[in-house]
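Annotation comment: TrEMBL describes 19-21, 45-46, 67-69, 72-76, 143-146, Phe150, Arg153 as 4-CDP-2-C-methyl-D-erythritol 2-phosphate binding site. Annotation source TrEMBL lists divalent metal cation binding site at Asp19, His21, His53. Residues or ranges marked as domain '2-C-methyl-D-erythritol 2,4-cyclodiphosphate synthase' in TrEMBL: 12-165. Taken from TrEMBL, the feature site 'Transition state stabilizer' covers His45, Thr144.
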Amino acid sequence: MMQPATFDPTSLRVGQGYDVHAFAEGRKLILGGVNVPHVRGLLGHSDADVLAHAVADALLGGIRGGDIGKLFPDTDPAYAGADSLKLLASVAGKVRAEGFQILDVDSVIAAQAPKLAPYREAMRENLARAMGVAVENVGVKATTTEQLGFEGREEGISATAVCLLCRCREF
Ligand SMILES: Nc1ccn([C@@H]2O[C@H](COP(=O)(O)O)[C@@H](O)[C@H]2O)c(=O)n1
Ligand SMILES: C[C@@]1(CO)OP(=O)(O)OP(=O)(O)OC[C@H]1O
C-alpha cells in the first residue's frame, strides 16, 4: 500500500534495550513501577526496576542517545533509590526534545518467579503514563526460562524492550 506523501521512511528509528538485576534480600521487587509481592527484590542503585530500565534504554537507542548509565550515573547519589518511572519520563522527554514521537514499545521480562501475569496491565499503564503514550502502544510480556540460566536459578531478572520512533509530521 502507498504511504501518504508526508511519510519519510528515513524518519523511522528502532531502539532496543536490555537490563539485568540480581535478587537481594530486604529489597522491594519493582517492575514497571509495580511493587510486586515477593520474598526478595532486585538490587540496584535506583529502585532497580529492570523493566523500566530496558524500556528507557530502548528509547535512548532509538535517538542514539547513549544509555541510562550515561544519563543517570550509578555513582551519583542523586539517583540513589530513584523511582525508575521518573527516569523513564525524563528519557521520554529527551526523545520528544529530539523531535521524535514514541510510536510503539514492546517488552519481555524473563523471571522464573514470581508469577507476573496479574501485574502486567498495571505495568503497561505505568510505563505508558511515564512515556506519555497510549497504553495500547505498550506491550509487556513475561516468560520463565524453564529453570535455565541465572533467571531460571532465580538469581535475578532480565528484561528486554524494543521501540519504534518517528520524526514524522503526520501519517
Ligand atoms: N514470571 C512469569 C513467567 C511467566 N508468566 C506467564 O506464564 C506463561 C508461561 O511461561 P513460560 O515461560 O512457560 O512460557 C507466560 O506466557 C506468561 O504469561 C508469568 O506470568 N510470570
Ligand atoms: C538506573 C541507574 C541509576 O543510577 O542505576 P541502577 O539501579 O543500578 O540500574 P542500572 O540498570 O545498573 O542502570 C544504571 C543507572 O542509570
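Every residue, even glycine, has its Cβ placed from backbone N, Cα and C.
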**Q.** Rounded Cα separation (Å) that holds between Pro73 (4-CDP-2-C-methyl-D-erythritol 2-phosphate binding site) and His53 (divalent metal cation binding site)
**A.** 13
Q) From Asp19, His45, Ile68, Thr144, which recorded positions have a C-beta atom under 6 Å away from some atom of ligand 2? A) Asp19, His45, Ile68
Q: Return the single residue from the binding-site residues list (Asp19, Asp76) that has the minimum number of other CB atoms within 10 Å.
A: Asp76
**Q.** Rounded Cα separation (Å) that holds between Thr145 (4-CDP-2-C-methyl-D-erythritol 2-phosphate binding site) and His21 (divalent metal cation binding site)
**A.** 15
Q. Where the criterion is a Cβ under 6 Å from an atom of ligand 1, which of the recorded positions Pro73, Thr144, Arg153 meet it?
A. Thr144
Q: Indicate whether His21 (divalent metal cation binding site) is helix, strand or coil by DSSP.
A: strand
**Q.** His53 (divalent metal cation binding site) and Asp19 (4-CDP-2-C-methyl-D-erythritol 2-phosphate binding site), distance between Cα atoms, whole Å
**A.** 6
Q | Residue pair His53 (divalent metal cation binding site), Ile68 (4-CDP-2-C-methyl-D-erythritol 2-phosphate binding site) - Cα distance, angstrom, rounded | A | 7
Q. Where His45 (4-CDP-2-C-methyl-D-erythritol 2-phosphate binding site) and Thr144 (site 'Transition state stabilizer') are concerned, what is their Cα separation in Å, rounded?
A. 25
